[in-house]
Amino acid sequence: MESEQLFHRGYYRNSYNSITSASSDEELLDGAGVIMDFQTSEDDNLLDGDTAVGTHYTMTNGGSINSSTHLLDLLDEPIPGVGTYDDFHTIDWVREKCKDRERHRRINSKKKESAWEMTKSLYDAWSGWLVVTLTGLASGALAGLIDIAADWMTDLKEGICLSALWYNHEQCCWGSNETTFEERDKCPQWKTWAELIIGQAEGPGSYIMNYIMYIFWALSFAFLAVSLVKVFAPYACGSGIPEIKTILSGFIIRGYLGKWTLMIKTVTLVLAVASGLSLGKEGPLVHVACCCGNIFSYLFPKYSTNEAKKREVLSAASAAGVSVAFGAPIGGVLFSLEEVSYYFPLKTLWRSFFAALVAAFVLRSINPFGNSRLVLFYVEYHTPWYLFELFPFILLGVFGGLWGAFFIRANIAWCRRRKSTKFGKYPVLEVIIVAAITAVIAFPNPYTRLNTSELIKELFTDCGPLESSSLCDYRNDMNASKIVDDIPDRPAGIGVYSAIWQLCLALIFKIIMTVFTFGIKVPSGLFIPSMAIGAIAGRIVGIAVEQLAYYHHDWFIFKEWCEVGADCITPGLYAMVGAAACLGGVTRMTVSLVVIVFELTGGLEYIVPLMAAVMTSKWVGDAFGREGIYEAHIRLNGYPFLDAKEEFTHTTLAADVMRPRRNDPPLAVLTQDNMTVDDIENMINETSYNGFPVIMSKESQRLVGFALRRDLTIAIESARKKQEGIVGSSRVCFAQHTPSLPAESPRPLKLRSILDMSPFTVTDHTPMEIVVDIFRKLGLRQCLVTHNGIVLGIITKKNILEHLEQLKQHVDPLTPPWHYHKKRYPPSYGPDGKPRPRFNNVQLNPIDEEREETEEEVHLLNSTTL
């Protein structure tokens with residue numbers, strides 16, 4: 001059995017009496033920078049818990065699976081705590097589904113007994129819809145609150161509204177009669193800090209004072225955000241999507257979706273966005289919505305007592321989060337399906353759709369942006385795209401793929417370096433430095449000073465007669481008739497060229513600062529910064545193509561469809577396509593991303609350009625590495641996540657991956673009826689394994705079942721308290737019938753009820769391709785490896801992850817990378833094919849003759865330096 005630990009960051013329980021995790025918040029705060037190291041990570045124990053309780057599977061050499069249902073024998077009084085999970089452990093999907101089916105059968109069998117039982121049955125049936133309704137309501141309300149507060153605090157860096165302190169800049173000037181068309185953002189009610197402090201609205205002194213106040217407020221917001229995160233809720237930092245993907249795959253992280261995390265993330269998200277850092281609030285809104293779903297699930301026993309069912313609620317909550325983040329309910333459902341969910345049955349699809357609908361309805365009712373839209377940068381274009389434009393769209397896709405590959409490598413390298421230097425030990429100082437650099441460089445450039453969402457809105461917007469932006473400073477033909485929806489292409493004016501240079505500087509600034517910002521200890525999303533980078537690049541390309549078409553309309557590529565005086569090119573459309581391409585390059589999303597951006601524009605006409613750009617960005621990005629940014633951070637942090645997108649193409653067998661290996665301690669096992677309570681307690685105290693195979697006897701070695709460390713501990717402690725006569729010398733019996741004992745023997749302890757009688761088993765010759773697929777499809781945490789019914793070893797989820805990582809690094813899969821010497825473990829059965837005898841967990845017979853190694857093994861062992 002495996003002894004190293006997968007998540008050993010200070011939360012290892014040394015005594016079998018310790019059930020709760022002892023992790024420190026400081027260590028967890030820095031978790032985002034942990035380099036993947038399976039030796040020093042805790043949940044070694046991906047032996048973490050009980051295996052399949054409900055179904056028995058046996059893998060034959062041919063790869064077929066025979067299943068036979070076995071219902072666990074229950075005690076008259078179930079032991080409290082048995083069947084639950086420790087922190088940083090993985091759930092058993094098969095066991096949880098079996099528990100849910102048993103609960104459902106029990107409710108159905110009683111519902112005809114009385115009206116009360118019928119009411120309970122109806123309540124149970126409708127609880128799923130109730131919990132997603134509450135989640136949608138809370139997600140929409142919190143998203144509206146965050147949007148309104150972030151807009152107000154962002155404008156607070158520049159000034160304040162004297163007539164109503166709670167108004168942002170735009171709202172302050174709505175009711176003013178003294179604004180002009182050219183300077184619509186200036187009104188007497190809004191005062192800049194320079195006007196309030198030194199009484200000057202213009203001039204060098206005013207500029208310097210506004211500059212200083214901008215930096216002061218940015219640093220204040222950033223410091224307050226990181227301090228709240230560090231002191232109250234370390235889990236509130238980052239995007240949250242990598243951890244949510246891991247949780248939805250079955251991992252337990254207590255507190256990550258708790259009420260404190262929800263409260264602090266909501267507050268600090270506003271502060272982080274208002275500080276002007278190169279981050280967005282869309283990713284963290286998914287975390288906020290999942291916190292709401294987790295909290296509401298505890299109101300319903302159907303979900304509070306079943307971890308697998310709870311993850312159905314979290315999948316619906318993530319859809320609601322994207323729905324309110326982008327105003328895209330359908331895109332939110334597809335995002336949950338494509339990007340974050342591990343198990344997504346059909347009923348979860350319906351409930352995700354309903355949760356996204358409710359959340360979008362609530363946000364639309366709040367109307368946080370004052371434009372009767374769900375998002376700030378909602379735009380509509382009235383000019384069709386032409387076939388020639390697919391070429392620049394594909395070029396934007398190439399740029400998006402290159403940006404995504406560069407960002408993933410650079411950000412992961414920086415996060416890894418953060419952990420290896422003293423700089424990573426001071427998260428508050430890091431946030432202050434990043435915020436200071438961002439504020440100092442951002443203020444002089446109007447496009448970097450803008451809120452990132454406002455910047456995207458301006459880049460997406462098509463130039464019309466009411467636009468006063470520098471991007472729309474074209475030279476007008478006074479003789480040309482102008483209509484609102486069809487303004488002809490015009491030559492660019494001085495303002496447009498000046499804006500292009502400023503956008504180029506903003507592009508470089510955003511690229512560099514986003515690399516260093518994503519991963520710091522404040523809530524930080526990646527959607528908006530990536531979209532901003534793509535929108536800047538797309539707008540520049542769009543203007544270039546527009547001017548090319550204007551000055552060279554007689555070229556053959558423009559001649560057929562772009563006439564003089566016609567509105568041929570829409571630069572805002574290029575910005576939208578570029579935004580989708582860059583976001584796709586970073587996250588490797590495809591279908592959900594296209595639908596999200598389509599819902600932003602409100603037109604079916606531009607789906608083909610979006611699809612072309614997004615697929616191109618994915619292909620280009622995949623050429624440099626198939627991992628998206630979230631998968632890369634999952635691997636960096638060492639989370640036990642088996643990505644279903646990865647393909648296993650190697651030819652190793654289960655015997656090559658199972659534990660124990662050569663010279664490892666032999667497999668720790670229990671016998672079904674000849675061990676005492678003291679024997680089991682000593683084994684628990686002396687080992688760190690999270691489960692033990694139970695065999696018939698030390699002579700036969702035949703498998704009986706699998707017992708979990710946690711269940712053994714709880715059952716023994718409960719028996720000592722509630723059953724008389726249970727002492728250290730009491731015989732522990734896992735068999736159905738208690739063996740005959742001498743009259744003076746103490747009372748035996750029956751633990752058959754906690755024994756998993758149907759652990760998943762495979763033979764030692766099962767291809768690892770099949771084993772990996774089984775782990776992914778069934779959500780297993782471990783399976784036992786047998787030979788003719790004799791237990792040889794165990795394969796845990798951690799072993800699978802180690803094996804995949806070693807294959808990526810071209811390291812010999814027979815030897816762990818952290819061992820400094822070659823080790824060869826003796827086969828668990830001799831050259832004659834018979835199992836070697838064991839005494840409990842001690843192998844008796846020394847091996848006198850080694851089996852002959854194959855040519856491949858000799859090459860691997862001799863060519864690998866460890």
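We number each residue from 1, going along the chain as drawn.
In case you wondered, yes, glycine gets a Cβ from its N, Cα and C as well.
Please treat TrEMBL annotations as automatic predictions, because they have not gone through curation.
Quick caveat, the model's predicted, so the values are computed rather than measured.
Summarising the annotation, TrEMBL assigns compositional bias 'Acidic residues' to 847-856.
Residues annotated as domain 'CBS' in TrEMBL: 658-722 (among others).
Among the features that TrEMBL reports, domain 'CBS' is placed at 755-813 (among others).
For 819-866, the entry in TrEMBL reads region 'Disordered'.
Using a Cβ-Cβ cut-off under 8 Å and counting only residues 6 or more beyond its ends in the same chain, the transmembrane segment (126-150) has close neighbours at 266, 269-270, 273-274, 281, 285, 288-289, 292-293, 296-297, 299-300, 302-303, 312-313, 316-317, 320-321, 323-325, 347, 351-352, 354-363, 365-366, 368-369, 376, 451. Per TrEMBL, the feature transmembrane segment maps to 126-150 (among others).
Taken from TrEMBL, the feature transmembrane segment applies to 214-236 (among others).
What TrEMBL lists as transmembrane segment is 256-277 (among others).
Sequence annotations record features per position, and here TrEMBL assigns transmembrane segment to 284-301 (among others).
Long-range contacts of the transmembrane segment (313-337) within its own chain (CB-CB distance under 8 A, at least 6 residues past either end) are made by residues 128, 131-132, 135-136, 139-140, 143-144, 244, 247-248, 257, 281-283, 285-290, 292-294, 296-297, 303, 343-344, 348-349, 351-360, 362-363, 373-375, 378, 527, 589, 591-593, 595-596, 598-600. Sequence annotations record features per position, and here TrEMBL assigns transmembrane segment to 313-337 (among others).
Taken from TrEMBL, the feature transmembrane segment applies to 386-408 (among others).
Taken from TrEMBL, the feature transmembrane segment covers 428-447 (among others).
Annotation source TrEMBL lists transmembrane segment at 499-520 (among others).
For 532-553 (among others), the entry in TrEMBL reads transmembrane segment. Listed by sequence, the residues of this chain that lie at least six past the ends of the transmembrane segment (532-553) yet keep a Cβ under 8 A from its Cβ atoms are 389, 392, 395-396, 399-400, 403, 447, 452, 455-456, 459-460, 471, 489-492, 496, 500, 503-504, 506-507, 510-511, 514, 559, 562-564, 568-583.
Only residues 6 or more beyond the boundaries of the transmembrane segment (573-598), in the same chain, are considered here, and those with a CB under 8 A from a CB of the stretch are 322, 326, 328, 330-332, 334-335, 337-339, 379, 381, 383, 385, 392-393, 396-397, 399-405, 407-408, 456, 459-460, 462, 526-527, 530-539, 541-542, 545, 604, 606-607, 609-611, 613-618, 620-622, 626-630. The annotation transmembrane segment is assigned in TrEMBL to 573-598 (among others).
Among 214-236, 256-277, 284-301, 386-408, 428-447, 428-447 has the largest number of CB pairs under 8 A with the transmembrane segment (499-520). When DSSP labels each residue, the domain 'CBS' (658-722) comes out as 24 helix, 18 strand, 23 coil, counted as helix, strand and coil in that order.
Here the transmembrane segment (428-447) touches the transmembrane segment (214-236). Their Cβ atoms form 3 or more pairs under 8 Å, with each pair 6 or more residues apart. Packing against the transmembrane segment (214-236) from elsewhere in the chain are residues 25-26, 28-29, 153, 156-158, 243, 253, 255-256, 258, 260-261, 263-265, 267-268, 271-272, 274-277, 427-428, 431-432, 434-436, 438-440, 443, 449, 520-523: each is 6 or more residues past its ends and has a CB under 8 Å from a CB in it.
Sequence-distant contacts of the transmembrane segment (284-301) (same chain, at least 6 residues past either end, Cβ-Cβ under 8 Å): 127, 130-132, 134-135, 138-139, 142-143, 146, 239-241, 243-244, 247, 257-259, 261-262, 265-266, 269, 310, 313-314, 316-318, 320-322, 324-325, 340, 359, 523-525. Residues 511, 514-515, 530, 533-534, 537-538, 541-542, 545, 557-558, 561-562, 568-569, 574, 577-578, 580-588, 608-609, 612-625, 627-629, 632 of the same chain lie 6 or more positions beyond the ends of the transmembrane segment (386-408) yet place their CB under 8 Å from a CB of it.
Using DSSP to sort the residues of the domain 'CBS' (755-813) gives these counts of helix, strand and coil: 23 helix, 18 strand, 18 coil.
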